Ligand SMILES: [Mg+2]
C-alpha cells in the first residue's frame, strides 16, 4: 500500500492522534462490545478519554434500543456513559422526522418498541408494532384499510416483518406525498462464532422494491447521525475521531463528514479489505479506507495511562 492511509496506530503516534482531537465517536457492536460482553479494556478507554477532557459519543445503526436502554447496558458493563451521549438510529430517526422532515401526521412503523418509544418521546404518533395478521384474500390486499393520518413510512429492524406489512407499506407509499425513511442499510447482523442474521437493510430493500421508491436513511454512512451529535454538542469535525469496525458504515461516515478515522479489528472488517479499497483507485471506495487501524481499542490504553 502507498500513501499515508490505513497506518497502524501504535507507539508515540497514539498520543499524537489523541492530542489532535477533542471528540471521539465510537460505534458500539464490534468496537466497545461484542453482543453482551465488553471488549477487554474498552470501559477503561472510554472512562480515561473522558478524564482527559475528551467528549465521547456513541453512534450505532442498531434501531432495537432507545438511548436509555443503551445507557443502561453501558453502565452495567462499566462504561461511564450518559443517555445524551448515545445516538442510535431509533432516536436519530425520530429526530430526522421531527427536525428535517417537520412531519405533521402519523408514521406507519415497521420497527421495534424502542422506535415506538423514541417517536413518541418527540411527539410523533405511529400505528403500533407487532404482528400484522393475514387479512382477507389476495384480491382484498390492495384495498387493505389504511390510516388517513399516516404521512410517513418508517422502516427499522422489525422481527415481525411480514408480507402483510410489506403490502401495507407499499399501499401507503403509492401516495406520492407519503415520506419514506429507513434507519439503516446494514444487510447482515454479525453474531458470535462467525454467525449472522439478516439486518434491516434486507427489510428496507424489500419495501423499496415493492414501492418502486428509494428511502432516505438516517444511519451511518449518512452524515445525519454526525449532524445530530454536532448540533447538540458543538463538535468540530477537524478535531473529531470516528472509531468503528465496519468500513462501509463507520469509516465511510467519518470520511463523509471530514473526520479522522480509526478501524478496530475486533469486529467485521479487515485491513486486507481496506487495502483493496485503497488499491482500487476508485474515489468512492477510498472513503472506506481508514486513516489508522488498531487490533483493539485497548491499544489506546498505554497513551491514556501514561
Ligand atoms: Mg459495529
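A Cβ is built for glycine as well, from the same backbone N, Cα and C atoms used for every other residue.
Taken from TrEMBL, the feature active site, proton donor applies to 27, 29. Here TrEMBL flags 27, 29, 245 as Mg(2+) binding site. As annotated by TrEMBL, substrate binding site applies to 220.
Distribution of TrEMBL features across the structure.
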residue : record                    : Cβ within 10 Å
27      : active site, proton donor : 25
29      : active site, proton donor : 20
220     : substrate binding site    : 31
245     : Mg(2+) binding site       : 26
Sequence-ordered recorded positions from 27, 29, 220, 245 with Cβ under 6 Å of an atom of ligand 1: 27, 29, 245
Non-site residues, in chain order, whose CB comes within 8 A of the mean position of the CB atoms of 27, 29, 245 at Mg(2+): 28, 30, 31, 32, 60, 244, 246, 250, 264, 267, 268
Spatially closest candidate among 27, 29, 245, the listed recorded positions, to residue 220 (substrate binding site) (Cα to Cα): 27
Distance from residue 245 (Mg(2+) binding site) back to residue 29 (active site, proton donor), taken between C-alpha atoms, in Å: 8
Secondary structure of residue 220 (substrate binding site) (DSSP, helix/strand/coil): coil
Distance, residue 245 (Mg(2+) binding site) to residue 27 (active site, proton donor) (CA atoms, angstrom): 7
